[in-house]
Amino acid sequence: MSEFSNDVAVVGMACRVAGGNHNPELLWQSLLSQKSAVSEIPEMRWEPYYRRDPRNAKELKKTTSYGYFLDRLEDFDCQFFGISPKEAEQMDPQQRVSLEVASEALEDAGIPAKSLSGSDTAVFWGVNSDDYSKLVLEDLPNVEAWMGIGTAYCGVPNRISYHLNLMGPSTAVDAACASSLVAVHHGVQVIRLGESQVAIVGGVNALCGPGLTRVLDKAGAISSDGSCKSFDDDAHGYARGEGAGALILKSLHRALLDHDNILAVIKGSAVAQDGKTNGIMAPNAKAQQLAAHTALRIAGVDPRTVRYVEAHATSTPLGDPTEISAIAGVYGTDRPADDPCYIGSIKPNIGHLEAGAGVMGFIKAVLAIQKGVLPPQANLTNLNSRIDWENAGVKVVQEATPWPSDPIRRAGVCSYGYGGTVSHAVIEEFSDILRPDPLDNGAATGPGLLLLSGPQEKRLALQAKALRGWMTGEGKGHNLSEILTTLATRRDHHDYRAALVVDDHLDATQVLQSLANGVDHPLTTQSRVFGADINKDVVWVFSGHGAQWPDMGKQLILNPVFFRAIQPLDELIQAEIGLSPIELLRTGDFESSDRVQILTYLMQIGLSAMLQSNGITPQAVIGHSVGEIAASVVAGALSPEEGALIVTRRALLYRQVMGKGGMILVNLPSAEAEEILGPRQDLVVAIDSSPSSCVVAGDKEIVAETAEVFKARGVKTFTVKSDIAFHSPTLNGLMDPLRDALGQALSPTSPIIKLYSTALVDPRGQDLRDVEYWAGNMVNRVRLTSAVQAAVEDGYRLFLEVSTHPVVSHSINETLMDAGMEDFAVIPTLLRHKPTEKYILHSIAQLHCRGAEVNWTMQMPGRWATGMPSTTWMHKPIWRKIETSPLHTGLTHDVEKHTLLGQRIPVPGIDTVVYTTRLDNETKPFPGSHPLHGTEIVPAAGLINTFLKGTGGQMLQNVVLRVPVAINAPRSVQIVAHQDQVKIVSRLISSDTSGADDDASWVTHTDAYWDRKVLGTGDRIDLAAVKARLDTKLPDNFSIDYLDKVGVSAMGFPWAVTEHYRNTKEMLARVDVNPAVSGDVPLPWDSSSWAPILDAATSVGSTVFQTAALRMPAQIERVEIFTSEDQSINQSIKVQLTCCSLTSCV
């Protein structure tokens, strides 16, 4: 395939649209099931406009409130993108959702976002809604500096480029409803021109205000029922929709080289303009055909080979017939009647996304090509009779239809803007058989590493939960190796990391469950990478004698990489000593020091090969004792064969001194140990391990005696398992024989990796690793402390001990702590008696989680899995709160509902809702008059009804009536519902036009606790039994007269008592809540109001006392709303007062 092919590959896509369709797969299911995601606009969107101007309410009632809305447009994961909540609040939600959807598209493409940093990647994004801009910028007193870029169209693509550090073109595209398909076209162009290697393209729409909807209503463009009915005879306008879609584009040639998942191929695209028509918004079929013909010409595609066209299809009476005529003129001609071009439109499913419409139609077409199914059209009852379907050569897909057996599945995509821009794209399927070098299937043959990461630690558990859910569900049959490859090579590695060693699919799900639940697992590593100013290069430390254990190589010699590394050395060593070290590893027969020396070297060479094959390379090396041989080989100073000769011939010489020496670890600095030992030659400090420990070596008996001397001084000692006094004068006699044995066998070179010496006084000394060096290495003190200190001084903080068990890790830790280091790690490669291959991966996991660079493609070169879960967002609601102007504090509550519930204002981030309104004598929420000694007040019943309606509760408890709500002067009123509490507060409004009086404090009038108790059945009142114990029958007007005498001269509601009984403790009253209304005549107020009943109950209840005095309810213990089984008793209420017992049946 030519490198300069015009074909552009779609390698990733993502979307978030109405109906919970937050990814293409969910969208596909909605398409197949013909779901229409129509809903009413969320309350918070238009709420500021009710408060901005009291005249708006009338207009908003006439504005179409139905459409296709995201369920939580306000949600955003600002922390993931490093954006403060304050800045995010000043960003248009279109920028926020586009950031997230673009990130999801990159993940779908298997492109780590960080890999694009500094690249020429382009971003083109369709956007033309300025609703949020108007919302925040017209609130002039609260305008802030970052609102400019935060609400600009260019801010959408520029924000993506900024976040990803992209250096290519970054442009907002405003071509009205054609915007996002034009953005796709621009992306195709820059790929073809070589201006960018990758293009991120898409579109977005968010409906944050009513202005444009009102305009479109008046223009007759909006469907009155808020739904799209493309191609239907009842199509009379479109419904607005919101959301975002994104595509990732590469040249086909580049995508093949990168082994990308190619979803579809863009063969051609074009953009045209209507020109001068009957009106600037009138569609032009000729221009639409021109765009299609141009795209087909560029694609080199015969229109008769295109099976499906995704139409723009806005459901308007003029637009649909015009577009169908254009499509028919291009794709429907010269086709047999039984071979039509199928058409459809996504708009009835998700609405018209305007600037995002084109890319969503494109995504639908790609899904149809991928799935090999043409999805059925939603909201289609009767085909548009104004279109000649019989002769058009096109057919609307009315049921899920398998894609006909075309040689290549091809589709066209249309998108038009009301300003005249028309755009068209031609796409086709891609077959993997065209790949020149397909990847291996990556079948797992052993344990592997599963990697997770996030910008914050708390995301790891969420990612684990999401991945486990997918692996036990949709991804249950996926190849584990491909899953691990995706996570390692196709996803970003953020600062907080978790790495899990897993055996198989089932084990992976179980370990993920542990991580999700916060349960530790022995082979799970979780850590934050070292800070940006800390060197994350790795120092490999090859330790010496003492790490061995019988089974250390039994499993490893079965590993191909390990075996290939040591097998040539096995033959060489056999020729030297007559034994196969591989056989010794198999049998575990290597107790003697000479064999241990040889096998220590061999294991380190094999482990190094395994580490390197897994993508780990050292940036510096340190060798400890015999470990210096392997360190020199890995650093490039010796060949593996030269190292084998050194260790083998030296081991043969050690046989002369085996059994004669001893070594002990002493918990003292080397200088203090030397002071105790004195100037003797038969006992020396052989190893300077750390600033607080050393190893003493010498004659076996003398070492044992010296151990007791140290112990007597309170110094701890530990016996080293060695029968040779390594690195002591007792080996001086072997130096010349070693020189002779090595002779001219070595040809050392300068190391290619930084090599710190432990045999020289200067650890940075670059002496050649020649025969003389190895003679000195055998007898000289091991200066591990100075070598580690030199590495620390050079900036290293990560140390990997390459051995079969940690021998010097503790000493390195002591040296680092003594140097005052805080961020460092010393990691073992293997642990004694632990599974070797798993623990090698575990060591790599620990390095990765500290930030060490790992070439994961070396460890996982096979195929990668597609369709895996994307980032689990940690959303928080973020929305700019617009304050009410003091000039616009007019009536907002409905007096006929008998409440003070004004405009509802949810408080973002906390479980609180505030209702705000204005109260005066003209807006009192009750029909009558309720004076208290001449001052009009809101009846307690109105306040209780407000609480019930505002919370949706069925029960109130501990209702405390503190201060009456007087209506003698205008006041601002707020009802505040916070969790299970609710209260009414108010303050006076001054007489001038400046609004609320700043000097007037808010007063709490009434508060209560509420509960959404399940609506039940109240206890039936046994009227006969109550009457039997009440000895006094009262006049019907008793309570009214009583209240008049004590200062309440009128009732707020027109109730009347029809029966009245009492004794000294109880009172029973039957009340008619509206005596003026009879039969089926409707009530003159909202029938859902409990206020008239509550007013009767509280008013009659206050007259239960024998002596007449003004008594107002101060506290109501409980108010419960029931339905009654007795249908003759319409409603009943029980009110328990603190001062009396009252039962009222109404």
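Cβ coordinates are placed from backbone N, Cα and C, and glycine is handled just like the others.
As annotated by TrEMBL, active site, proton acceptor applies to HIS930. Annotation note: HIS930 (active site, proton acceptor) sits in a coil segment as assigned by DSSP. Within 10 Å of the C-beta of HIS930 (active site, proton acceptor) we count 24 further C-beta atoms, all protein chains included.
DSSP gives ASP1095 (active site, proton donor) a helix state. For ASP1095, the entry in TrEMBL reads active site, proton donor.
As annotated by TrEMBL, domain 'Ketosynthase family 3 (KS3)' applies to 5-429.
Feature annotation from TrEMBL assigns domain 'PKS/mFAS DH' to 898-1146.
Under the heading region 'N-terminal hotdog fold', TrEMBL lists 898-1017. Broken down with DSSP, the region 'N-terminal hotdog fold' (898-1017) shows 12 helix, 54 strand, 54 coil.
The annotation region 'C-terminal hotdog fold' is assigned in TrEMBL to 1031-1146.
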Between HIS930 (active site, proton acceptor) and ASP1095 (active site, proton donor), the C-alpha gap once rounded to whole angstrom: 11
For ASP1095 (active site, proton donor), the number of other Cβ atoms found within 10 Å of its own Cβ: 27
